[in-house]
Amino acid sequence: MKVGVIMGGISSEREISLKSGKSIVDSINKNKYEVVSIVIDEKEDIINKVKGIDFALLALHGQFGEDGTVQSVLQTLGIPYSGCGPLSSSMCMDKDISKCILKAANIRTAPWINLRKNDAINYEEIEKMGYPVVVKPTHGGSSVATFIIKEEKDIKDAVIEGFKWDSEVIIEKFIKGDEITCPVFGDKMLPVVAIKPKAEFFDFTAKYADGGSDEFVTELPKKLHEEVEKMALATYKALKCEVYSRVDMIVTEDKVPYILEVNTLPGMTPNSLIPKSAAGVNISFPELIDMIIDESMKVIR
């Protein structure tokens with residue numbers, strides 16, 4: 001089977017995508033697959049460069065790669081691909097839509113408001129939520145242009161910065177607590193990974209700089225683990241995820257978990273969060289890649 005590892009793209013997360021793609025190419029079982037690297041530099045490449053492959057292994061992140069666009073093109077071309085379909089990908093990429101769905105499904109997520117470019121900032125609503133709040137692009141990733149705002153006077157500048165990256169900006173209540181991530185594979189949750197950023201929160205530097213954070217498989221107290229697992233699986237189902245996704249949460253001091261967001265194409269280097277989680281149940285990185293391909297091939301699109 002000829003597998004095209006698709007990486008690069010046109011989003012702000014291009015460099016991270018190239019790292020994920022290279023790691024997959026380096027680690028995939030070459031005895032089992034014929035592997036080609038496909039670097040996307042412009043949108044047309046997703047049509048022009050995929051000819052002749054039997055399967056697209058997606059290592060794209062951010063807009064155009066993680067928002068359902070590429071998935072729709074591949075589906076139209078009849079090329080099987082890894083991970084979630086177009087609908088789930090687009091819903092998870094849009095933090096406003098995904099939070100609306102979670103709220104409707106009675107899955108706990110922080111209060112928020114969403115702004116489009118011509119909307120007035122509703123300071124009264126923000127005051128009701130209570131400071132601090134998080135301001136970030138609605139369709140952004142890797143915590144790019146994400147700010148923790150503690151006073152009303154700083155809101156406007158953060159919103160202006162957010163609009164440099166996106167057509168919509170989300171303002172949500174900052175939940176103080178410990179961040180965890182819960183990889184879901186099929187209908188099962190893999191081991192929980194704790195994230196201990198050395199900065200105030202898990203920002204771009206903490207995510208990608210060496211030593212920016214400590215990340216490790218953790219064992220939660222039984223009752224909390226059960227609630228986290230129930231929420232992760234319910235979130236995966238509500239947002240119609242397929243094959244695998246990463247559900248990020250924050251757990252307060254009182255052991256109350258909140259859903260932060262869902263990543264449908266999370267980082268895939270050996271040191272990324274999903275491979276770390278898989279290693280906790282003795283699944284190697286090459287084995288994880290195999291599992292993703294096998295499960296993706298079973299999905300009827």
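Cβ coordinates come from backbone N, Cα and C, glycine included.
So that you can see what the record holds, here are the features copied from Swiss-Prot:
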| type | residues | note |
| --- | --- | --- |
| BINDING | 126-181 | ATP binding site |
| BINDING | D248, E261 | Mg(2+) 1 binding site |
| BINDING | E261, N263 | Mg(2+) 2 binding site |
| DOMAIN | 99-294 | domain 'ATP-grasp' |
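On the structure: features taken from Swiss-Prot.
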{"residue": "I126", "record": "ATP binding site", "Cβ neighbours (10 Å)": "21"}
{"residue": "V133", "record": "ATP binding site", "Cβ neighbours (10 Å)": "25"}
{"residue": "G140", "record": "ATP binding site", "Cβ neighbours (10 Å)": "23"}
{"residue": "D154", "record": "ATP binding site", "Cβ neighbours (10 Å)": "16"}
{"residue": "E161", "record": "ATP binding site", "Cβ neighbours (10 Å)": "16"}
{"residue": "E168", "record": "ATP binding site", "Cβ neighbours (10 Å)": "18"}
{"residue": "I175", "record": "ATP binding site", "Cβ neighbours (10 Å)": "20"}
{"residue": "D248", "record": "Mg(2+) 1 binding site", "Cβ neighbours (10 Å)": "21"}
{"residue": "E261", "record": "Mg(2+) 1 binding site", "Cβ neighbours (10 Å)": "18"}
{"residue": "N263", "record": "Mg(2+) 2 binding site", "Cβ neighbours (10 Å)": "23"}
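Under DSSP, I126 (ATP binding site) is assigned to a helix (H, G or I) in the three-state scheme. Nearest to E161 (ATP binding site) in space, judged by Cα atoms and limited to the binding-site residues D248, E261, N263, is E261. A straight line from the CA of D248 (Mg(2+) 1 binding site) to the CA of I126 (ATP binding site) spans 23 Å. The DSSP secondary structure for D154 (ATP binding site) is helix. Taking a C-beta cut-off of under 8 Å and a sequence gap of six or more, F147 (ATP binding site) has these contacts in its own chain: V134, V135, K136, D154, A158, E161, G162. E261 (Mg(2+) 1 binding site) is 13 Å away from I175 (ATP binding site) when you measure Cα to Cα.
Cα separation, N263 (Mg(2+) 2 binding site) to I126 (ATP binding site), rounded: 26 Å. Counting in whole angstrom, E168 (ATP binding site) lies 16 from E261 (Mg(2+) 1 binding site) by their C-alpha atoms.
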